Ligand SMILES: C[S@@+](CC[C@H](N)C(=O)[O-])C[C@H]1O[C@@H](n2cnc3c(N)ncnc32)[C@H](O)[C@@H]1O
């Protein structure tokens, strides 16, 4: 029983870390850290083996438990359930998913309780396998990561395939034969067409796409759905000139290009992409080349606030501003590795392992990041012909999101320049999750104004909304 009790504590710790929205470290680190913190006597390696496997199957175990009714049958004592949910989860895991398919404990009331539900649990497992079309759910839990995106999002790159849209979609349908109407139903082999971003499709994360011709030729580009929102909101046309102030690795830059150069191949530079990190600028260049838009985009390596003077770019009409942020909306080992390997963000973002983050240094970091985010957006707002600007982060913290919007709206210069927040009707109105009204409530006494400002912002919850956590807002002026 000690093994299950200790593993339950560890699982509880991991769940709490996940809920805090921090980018998780490796599961192993979290397990060893919690074993130390709770001074557990059980060998951490044994706990890790159990927790690691259970964590991998957890969404399936949760479904099986919910459908089998096991949770409603837990006996109570003085109004409290006598068995812990996570301990039951571990036992169910061992009974259904471990090699031996046995619960590793002697006689115990919780074991008797779980075994009593064995038949129902097994039939729910069988149903789940049929639903996912697999012989073993192991096929869906292949890799060794804390977590991964629930959907691999791919968008059509119109620069390369504006006149072959139907062919490309037909090709996708040939590869992913099972069309689904909800991204939550995606299983290996299925294809979902998004309702928010045009020509964006979702497939299962285990489905290989990078070896496909469409990908190799740059006709399709892998990009998280929320990360597609800024270019879609900006909606530039061939008449715009756009600056992407913080561009690498170039997802949003090339998406902007997909809107601007869909009808006409680029003949002159219409997009200026700034990137201060020379290594990341190399990745940006490669991505631009693959997307087929090197004629239309100038890459400027250096600090946007120093290199880009408003009088050098008097014709710029639109901005994409996706600056360095805490990355707290990003989750999973793979994504963290991507960030660290590619130096996806500046050095502050690379150190995201929760073991290094105490509440104190998180606060300091957020304060530094938010000053930078405010300054860089305000600087962009000073460009004389700029009319629309989309600010975004992959953070879940209001300090980097709603509070930046508030600080900008209250800034005297920003007001003098005439910038306002674009209303919900012009910012993906059908997307249901909007900004946090309580943030605006604190500052704007007029309830209606506070609500309208919150509604103008977009929030995306990590995983729950099908990908990374995200925030976006559009500023505009006449
Ligand atoms: C969140 S990432 C941008 C991701 C990119 N928009 C995309 O979708 O692929 C932020 C980038 O801004 C760069 N950056 C940070 N401060 C900058 C500055 N002052 N000028 C230019 N680039 C900057 C960072 O090096 C990093 O590559």
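Cβ coordinates come from backbone N, Cα and C, glycine included.
Feature annotation from TrEMBL assigns active site, nucleophile to 394. According to DSSP, residue 394 (active site, nucleophile) sits in a coil region rather than a helix or strand.
What TrEMBL lists as S-adenosyl-L-methionine binding site is 246, 247, 248, 249, 250, 251, 252, 275, 303, 322. According to its DSSP assignment, residue 248 (S-adenosyl-L-methionine binding site) is coil.
The domain 'SAM-dependent MTase RsmB/NOP-type' feature in TrEMBL is assigned to 142-478.
Residue 246 (S-adenosyl-L-methionine binding site) sits 13 Å from residue 394 (active site, nucleophile), taking the CA atoms of both as reference points. Distance between Cα atoms for residue 248 (S-adenosyl-L-methionine binding site) and residue 394 (active site, nucleophile): 14 Å, as a whole number. Neighbour density for residue 250 (S-adenosyl-L-methionine binding site): within 10 A of its CB lie 29 other CB atoms from the protein chains shown. Predicted-model confidence for the domain 'SAM-dependent MTase RsmB/NOP-type' (142-478) is 89, expressed as mean pLDDT.
Across the fold, the C-alpha of residue 252 (S-adenosyl-L-methionine binding site) and the C-alpha of residue 394 (active site, nucleophile) stand 13 Å from each other. In this structure, the C-alpha atom of residue 250 (S-adenosyl-L-methionine binding site) lies 15 angstrom from that of residue 394 (active site, nucleophile).
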